[in-house]
Amino acid sequence: GQLPTWLQGILLRNGPGMHTIGDTKYNHWFDGLALLHSFTFKNGEVYYRSKYLRSDTYNCNIEANRIVVSEFGTMAYPDPCKNIFAKAFSYLSHTIPEFTDNCLINIMKTGDDFYATSETNFIRKINPQTLETLEKVDYSKYIAVNMATSHPHYDSAGNTLNMGTSIVDKGKTKYILFKIPPSVPEKEKKKSCFKHLEVICSIPSRSLLHPSYYHSFGITENYIVFIEQPFKLDIVKMATAYIRGVNWASCLAYHKEDKTWFHFVDKKTKKEVSTKFYSDAMVFFHHINAYEEDGHIIFDIIAYTDNSLYDMFYLKNLSKDFEENKLTSIPACKRFVVPLQYDKDAEVGSNLVTLPSTATAVKEKDGSIYCQPETLCAGIELPRINYDHNGKKYKYVFATEVQWSPVPTKIVKFNTQTKEMLHWGEDHCWPSEPVFVPSPDAKEEDDGIVLTCIVMSDPKEAPFLLVLDAKTFKELGRATVDVEMHLDLHGMFIPQKDLKTETE
């Protein structure tokens, strides 16, 4: 096929790549050592490269020829030959875990720089052209967080917005929303943007010892949308996990009898909306988009009725026959419609949603508002949108299709307004998260292309990069790569203009 001539830049992807080191093996797919890979588009040609992230974790493990740094699903232990004092000391030093810098989930842009990210307090700067690993940044040196999400947002001024959980202040567990500026003042050129990191606001956790796990958050023109779900970390268990010989993932539990709470923070006043909005228990990882309309906040997420997804990716489960390995909850695209402005004298039990939607928001006796979503569609995950429409009313979601197996078999384009769905799929193809790239003269939301890497389930067939016309979902071309490629998690397209030239 042919690539559009305007497509110039780099598709950068991140995900777990190495699961065995010496005689040791990670327990969980999400623990594997980060492998970066990229497709560079230049004048109608495509160049591929991949490289392991040279994190401290990678270096220590490779040097020891075994897993010596703990990951979320795999606890690592020091050399058993060490004497009893050394052992006792390492138990103590693990109570506040020293997290890994194996940044394997996503890529984040800050100013002109790019970072590999995961969900700990560490991120690693990388060179997007060579995939070289550069300096390590520790968020906790600039802000009191122990974890941060891998799905930041970017505003029109070029700031990077992100959220992290602070468990440092014992008894004051909170979620912190922060902003990293794109550049530093002229006179401080030597300093990093992180020195100017600013806390926008903090939201106290409803339970001090059981903060909610979250993987992303939402943003509209005026608000930040944060969902406190009953999928929670047990801090006490986490602090003793090392001594008990269990992994940190076992300290995560779904409390299905609890509620899911919605928090809306006004970006201008930095204050949270005081009304209490909640819904039934659910587990979710990915926000799709959020926007405001006639006094309502509308947000779309991919939700599950249980936490079976994480368990599916234990390697012992992945090595079973895929057909038997079924999710007990299929992902569903849910739309919540939350009335921020409503008649304060409305009757208890009345639905306060005034927009045409089957989503409801019912006033309770105590003044809180119970929200139930509209289900837009089922069986999609790893959603992406045209990011120019982030925080605004939008139509299209590009995603992978997953049915009862956690591995995607197709990619889809879903119209949230007409509920129409277009598919691309072929036998033996496992696509990765689709990335939308707008065309330079785009007038409509879906003017552009969709890029996805396809891994073949048949080892005799070579993997390839697929380029689809975003409007019609017809194939424009594919670039076959004659190397083994791994399923990855997330990534981004970096247009040529955002890449520093070598001299810079």
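Quick reminder: no glycine exception, Cβ is built from N, Cα and C everywhere.
A TrEMBL annotation is a machine prediction, not a hand-curated record.
Its Cβ placed at the centre, H151 (Fe cation binding site) has 21 other Cβ atoms within 10 Å. According to TrEMBL, the feature Fe cation binding site maps to H151, H215, H286, H490.
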- For Fe cation, what surrounds H151, H215, H286, H490 with a Cβ no more than 8 Å from their Cβ centroid? I105, N106, T149, S150, S216, F285, H287
- Message: Let's check the environment of H286 (Fe cation binding site): how many other CB atoms sit within 10 Å of its CB?
- Response: 21
- Query: Cβ distance under 8 Å to H215 (Fe cation binding site), same chain, sequence separation 6 or more: which residues?
  - Reply: E119, T149, S150, H151, F284, F285, H286
